[in-house]
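Under the heading NAD(+) binding site, Swiss-Prot lists 79-92, 286-298, citing sequence analysis as support. The substrate binding site feature in Swiss-Prot is assigned to ARG100, ARG110, ARG139, ASP228; the stated evidence is sequence analysis. Among the features that Swiss-Prot reports, site 'Important for catalysis' is placed at TYR146, LYS196, with the record citing sequence analysis. Summarising the annotation, Swiss-Prot assigns Mg(2+) binding site to ASP228, ASP252, ASP256 and lists sequence analysis as the type of evidence.
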Amino acid sequence: MTNKTYKIAVLPGDGIGPEVMEQAHKVLDAIEKKHAISFSREQHDVGGIAIDNHGCPLPESTVKGCEESDAVLFGSVGGPKWEHLPPNDQPERGALLPLRKHFQLFCNLRPAQIHKGLENFSPLRADISERGFDIVVVRELTGGIYFGQPKGREGEGPQEKAYDTEIYHRYEIERIAKIAFESARLRNKNVYSIDKANVLQSSILWREVVEEVAKGYPDVTLNHMYIDNATMQLIKDPSQFDVMLCSNIFGDIISDECAMITGSMGMLPSASLNESNFGLYEPAGGSAPDIAGKNIANPVAQILSAALMLRYSLGEEEAAQSIEAAVSKALSAGELTADLAGDKPALTTSAMGDKIAEYILNS
C-alpha cells in the first residue's frame with residue numbers, strides 16, 4: 001500500500017517553540033512508521049526569529065509556505081527581546097493575527113481534560129477533580145465584539161465615552177455551530193451553547209440559529225446555558241460538559257477557565273480552522289522565554305496539537321488517537337516533565353518526546 005503524503009508547514013517560532021517542536025517531529029516520525037502516512041515538512045520563520053532574520057514577524061515566504069501546505073504546525077512566538085517594538089510589529093500581534101485573517105480561520109478548538117494521575121494539579125476540590133472531565137471549547141474567532149464596527153472613543157471630561165459593537169451574522173453562527181455538532185458526534189453527543197440571550201440581541205439570534213442547526217443532528221443533545229452560569233458550573237461540576245459552543249468573547253473567557261481548572265497549561269493543544277478544514281495547530285500556552293533552551297519545557301501540548309492536526313485537517317483519526325493514547329500512557333506511568341513532577345525525578349523535554357514516540361512504535 002502506497003503511503004499518503006501530507007505537506008506540513010512547520011513554524012517553530014521563539015522561546016521554547018523550537019525544542020517542543022522537535023518532540024512533535026519525533027512523534028510524527030513514529031506515526032510514519034506505524035501508519036501508511038508520510039509527512040513532507042518545511043520549516044519557516046515566524047515571530048521574533050522572523051523579525052531578526054527578515055525584518056518582520058510574518059515574512060511573505062512563510063505565508064507562501066503555509067498556502068502550499070495541508071496544515072500549519074505552529075510553535076510559539078514572542079519574548080522580552082521584541083517587547084520594545086510598536087504593538088502591531090511585535091511577534092504575537094504581527095504574526096498570529098495576520099495568519100488567522102489571511103487563512104480566514106473562524107473556528108478555534110480548545111480541548112481541556114484532566115489526565116489520569118494528574119488530578120492533584122487541578123485547583124478544584126479533590127472530589128470534583130477526581131471525577132475528571134474532557135471538554136472541547138468551540139469558539140467563533142472572527143466575529144463578535146472584538147471586530148464589530150463602530151468602535152472607538154470620543155468626547156472629553158465627564159462626557160468622554162468608549163464603545164464597541166457586538167455583531168453576528170446568521171452565516172457566522174451556522175458554520176461554527178455545525179463544527180460543534182460534528183465534534184460532538186465524535187465524542188459524547190452533547191453540545192452546550194453558551195450565550196446571554198436574556199439580555200443581548202446578538203445572543204437571541206445565536207440561540208435561534210443554533211436551535212435550527214441542531215435539527216440536522218437529532219443524535220446530538222443541545223443544551224443552552226447563560227455565560228455567567230456556565231463559568232460557575234465549570235467550577236462546580238466540569239464533568240457535565242462535552243462540547244461548549246461559544247461566541248468570540250465568551251469562548252475567550254471559557255477556554256481560559258477550562259485551561260486553568262486542568263492545572264496544567266503545558267498540556268493543552270489548540271486548533272484554528274477555516275471552512276476548508278485547513279488549520280493552524282499550536283499549544284495554548286506561550287513561548288516561556290524564561291525556560292527556553294534548558295530542555296525542561298513540557299512538549300505535550302505541541303505533541304497533542306499534532307494529533308489535532310491529524311484529526312481535523314488530515315482526517316487521520318486512527319493516527320490522532322495513537323498519539324493521544326501514547327501521551328496518556330506516559331502520563332499515567334508517572335513519566336512527567338519538571339512542571340508536573342514535583343519532588344519526583346523529572347524527564348527532560350527530549351526524553352518526554354522519546355518516551356511518547358516509543359509508546360507509539362510499541363503500540
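Positions of Cβ are set from backbone N, Cα and C atoms, glycine also.
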Which binding-site residues from the set GLU83, ARG139, ALA292 come within 10 angstroms of ASP252 (Mg(2+) binding site), judged by C-alpha positions?
ARG139
Take the C-alpha atoms of ILE296 (NAD(+) binding site) and ASP256 (Mg(2+) binding site) and report the distance between them in angstrom, rounded.
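About 24 Å separate the Cα atoms of these two residues.
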Among all protein chains shown, how many Cβ atoms are found within 10 Å of the Cβ of ASP252 (Mg(2+) binding site), not counting that one?
17
Within 10 Å of its Cβ, which one of these binding-site residues (GLU83, ASP228, ASP256) has the largest number of other Cβ atoms?
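Top count of Cβ atoms within 10 Å goes to ASP256.
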Quick one: of the recorded positions ARG100, ARG110, ARG139, TYR146, ASP228, which has its CA closest to the CA of ALA288 (NAD(+) binding site)?
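Going through ARG100, ARG110, ARG139, TYR146, ASP228 one by one, the Cα closest to that of ALA288 (NAD(+) binding site) is ARG110.
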Which secondary structure state does DSSP assign to ALA292 (NAD(+) binding site), in the simple three-class scheme?
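Its secondary structure by DSSP: coil.
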Counting other CB atoms within 10 A of each CB, which of the recorded positions ARG110, LYS196 comes out lowest?
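Sparsest of the recorded positions ARG110, LYS196 by Cβ contacts within 10 Å: LYS196.
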Compute the centroid of the Cβ atoms of ASP228, ASP252, ASP256, then list the same-chain residues not in that set whose Cβ lies within 8 Å of it, in sequence order, for the Mg(2+) site.
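Apart from the listed residues, the neighbours are ILE227, THR231, ILE249, PHE250, GLY251, ILE253, ILE254, SER255, GLU257.
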Measure from the CA atom of LYS196 (site 'Important for catalysis') to the CA atom of ASP228 (substrate binding site) and give the result in Å, rounded to a whole number.
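Rounded to a whole number, the Cα-Cα distance is 8 Å.
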Which of the recorded positions listed here (GLU83, TYR146, ASP256, ALA292) have a Cα atom within 10 Å of the Cα of ARG110 (substrate binding site)?
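Among GLU83, TYR146, ASP256, ALA292, the ones whose Cα sits within 10 Å of that of ARG110 (substrate binding site) are ASP256.
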Nearest to ARG139 (substrate binding site) by Cα, among GLU83, PRO87, LYS196, ASP256 (recorded positions)?
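Sorting the recorded positions by distance from ARG139 (substrate binding site), the top entry is ASP256.
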Looking only at DSSP and grouping its letters into three states, which state does ARG139 (substrate binding site) belong to?
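In the DSSP reduction, ARG139 (substrate binding site) maps to strand.
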So among ARG100, LYS196, ASP256, all listed as recorded positions, which is physically nearest to ALA292 (NAD(+) binding site)? Use the C-alpha atoms.
ASP256
Long-range neighbours only, meaning 6 or more apart in sequence with Cβ under 8 Å: which ones does PRO91 (NAD(+) binding site) have?
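Correct list: GLY13, ASP14, VAL46, GLY47, GLY48, ALA50, ILE51, PRO57, VAL77, GLY78, GLY79, TRP82.
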When a 10 Å sphere is centred on the Cβ of GLY79 (NAD(+) binding site), how many other Cβ atoms does it contain?
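Summing over all protein chains shown, GLY79 (NAD(+) binding site) has 23 other Cβ atoms within 10 Å.
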